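Per TrEMBL, the features are:
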type	residues	note
SIGNAL	1-17	signal peptide
DOMAIN	106-470	domain 'Peptidase S53'
ACT_SITE	GLU179	active site, charge relay system
ACT_SITE	ASP183	active site, charge relay system
ACT_SITE	SER382	active site, charge relay system
BINDING	ASP424, VAL425, GLY448, ASP450	Ca(2+) binding site
Amino acid sequence: MRLQACFLGLLALFVTGKCSYSPEPDQQLALPPGWVSLGRVDSEEELSLTFALRQQNVERLSELVQAVSDPGSPRYVGGLHRFPPTSSLRQRPEPQVSGTVGLHLGVTPSVIRQRYNLTAQDVGSGTTNNSQACAQFLEQYFHDSDLAEFMRLFGGNFAHQASVARVVGQQGRGRAGIEASLDVEYLMSAGANISTWVYSSPGRHESQEPFLQWLLVLSNESALPHVHTVSYGDDEDSLSSAYIQRVNTEFMKAAARGLTLLFASGDSGAGCWSVSGRHQFRPSFPASSPYVTTVGGTSFQNPFRVTNEIVDYISGGGFSNVFPQPSYQEEAVAQFLSSSPHVPPSSYFNASGRAYPDVAALSDGYWVVSNSVPIPWVSGTSASTPVFGGLLSLINEHRILSGRPPLGFLNPRLYKQRGAGLFDVTHGCHESCLNEEVQGQGFCSGPGWDPVTGWGTPNFPALLKTLINP
């Protein structure tokens with residue numbers, strides 16, 4: 001009866017725009033921890049619903065993802081499709097010397113290209129079907145005029161595109177958001193001269209990002225960009241288990257199709273919340289999904305010089321309380337937990353959970369153009385994520401031109417190669433609970449993988465050499 005009443009209520013909602021079903025007092029749904037009921041919604045309030053059916057054979061899907069994404073598997077293809085080249089691969093000139101020192105007054109595309117050793121020739125050819133995308137949520141929008149001005153100011157020393165190739169979804173006409181502006185400008189300057197799409201999902205799910213709505217759009221499209229970057233996330237505990245698992249299934253589908261999904265690790269360090277009177281770290285989702293590549297953040301050791309990187313203390317990282325640790329990272333995580341001298345008390349985190357981030361990039365002090373105004377010192381893993389994604393798009397360009405498939409789901413390969421092609425970040429810790437036991441410190445970086453900066457930040461020529469082969 002309860003299911004029937006709920007179905008009839010939803011049917012009434014579709015037919016009349018109003019739902020007449022009200023649960024009995026003993027049927028009230030439990031609120032997630034930390035949520036507060038504000039009473040009934042007004043009867044005239046519009047409600048947007050997304051129906052996503054429970055998926056079958058999820059275990060087989062997981063096995064398929066592993067088979068097509070692991071370079072050691074005989075079924076490895078990077079995903080269930082191939083994209084033949086439309087041109088020949090160009091010779092890449094010798095890179096500049098790693099570690100070159102230069103002064104700067106904030107991170108710009110030139111600083112990114114200098115630090116990560118890109119030359120002027122490291123851009124898209126414009127002759128392939130290579131493409132990349134970012135997603136915007138929460139009423140965040142970009143302006144074409146801001147992108148054009150950003151490229152006029154900061155894109156003079158490399159070939160680039162100054163307009164988005166395609167917007168999927170509703171693009172608002174209000175003020176531009178700094179988040180959306182940042183994502184588009186740095187994806188298109190790092191992955192320079194590569195066709196770029198923007199997926200716009202301005203609605204909300206449980207007052208937060210409608211990730212499932214965006215993912216269902218991807219699942220229903222046959223031709224998609226190869227790399228997708230997302231600079232949004234929520235506390236893992238703030239979403240229902242059913243919703244998180246359903247979203248995660250869509251991530252599995254994307255991985256099986258050969259898409260590379262990158263998510264920001266968050267800007268709250270290890271996070272912190274109180275559970276039954278005890279402090280614990282607070283993981284983020286979708287950063288904690290085993291089927292996405294999660295990007296942490298770094299800063300320059302000297303704030304005004306293009307030199308070595310250290311941990312950006314806000315860089316999100318830790319261990320999932322929902323998803324078990326995937327096999328591809330077990331060895332790396334065990335090595336960290338057994339060798340790091342700064343592992344927090346075990347009661348603060350789930351050592352058997354999915355550990356993140358996987359990689360990192362600069363996240364501190366960016367210049368962004370938004371609403372026609374150049375804005376300095378914008379920071380967050382929202383910046384590091386499109387930068388890393390753009391560089392992966394450049395590597396896809398080389399792979400496509402040489403007759404290979406795009407990279408696809410990167411994590412199994414990334415951990416198998418133990419961070420080859422990346423600058424290892426070994427200094428710094430991120431923030432966490434402000435109490436006497438941990439005194440605001442979460443995890444600390446060290447040699448190899450760590451739950452603050454992952455395997456490290458990109459050294460483009462070395463990363464290209466590592467990832468160009470099948």
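These residue numbers are counts, starting from 1, taken along the chain as shown.
Each Cβ is built from the backbone N, Cα and C atoms, and glycine gets one as well.
Looking at GLU179, ASP183, ASP424, ASP450, the recorded positions in this record, the fewest other C-beta atoms within 10 angstroms of the C-beta turn up around ASP424. Apart from ASP424, VAL425, GLY448, ASP450, the residues listed for Ca(2+), the same chain places the Cβ atoms of GLY419, THR426, SER445, GLY446, PRO447, TRP449, THR453, GLY454, TRP455, GLY456 within 8 Å of the centroid of those Cβ atoms. A separation of roughly 20 Å, to the nearest angstrom, links the Cα atoms of ASP450 (Ca(2+) binding site) and SER382 (active site, charge relay system). Cα distances from VAL425 (Ca(2+) binding site) to the active-site residues GLU179, ASP183, SER382 are smallest for SER382.
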